[in-house]
Amino acid sequence: MAIRRILRIDDAEDRKILKMQCRPVKLPDRNLKQLVADMFETMHAANGVGLAAPQIGIPIQLCIIEIPPEYEEQPDGSLIEVNPAEPYVLINPRIVKTSGEEIMRDEGCLSLPGWYGMVPRQTWVTVEFQDLSGKHHRLRRADGLLGWAIQHEVDHLHGILFTERIRDLSTLRDITKEREAQPVEAKA
């Protein structure tokens, strides 16, 4: 496995690739398993929830998503895992149905680290995709973080960046500057 360089929206050459319409993946593909492993390693190293192949310079219809595990605090203060991490590999994904209702979400992207803005997304989506073996799947009514991530990553496969979805550009902000501006408490 290898950590790949994530292309950046604010780099002119990278942006050309990020704006491309990605080509479908022809399955089976012996090299795809290694690419997917590299993508997961890259995404984890960047503390992301999703990553699309064009973000690492490969304009194909492939994206990965991993929803972090959820924990519940016990009376003794310990944590138990109530929902394990959910990794998804979506090859040639197509959103085939949407809720018809939008919600505004604060959204960021590994291709523009530290920047967030309010983006309208469907409350749920149904997506069809293939897995690494070429088997077809349908994920119905994906909502919450998973539904949001699917919409974000599928946008990447069509050359659409999250900044293009922002309706009110005044919501786009660099949270690293917000963090730097916060007062630091003295430690004893």
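Glycine is treated like the rest: Cβ placed from N, Cα and C.
Under the DSSP three-state reduction, Glu153 (active site) is assigned to helix. Per Swiss-Prot, active site is recorded for Glu153, and the stated evidence type is sequence analysis.
The Fe cation binding site annotation in Swiss-Prot covers Cys109, His152, His156. Around the Cβ of Cys109 (Fe cation binding site), 26 further Cβ atoms fall within 10 Å across all displayed protein chains.
One way to see the shell of the Fe cation site is to take the Cβ centroid of Cys109, His152, His156; the remaining same-chain residues with a Cβ within 8 Å of it are Gly50, Ala52, Gln55, Leu110, Ser111, Glu153, Asp155, Leu161, Phe162.
Cys109 (Fe cation binding site) and Glu153 (active site) are 10 Å apart (CA-CA, integer value).
According to its DSSP assignment, Cys109 (Fe cation binding site) is coil.
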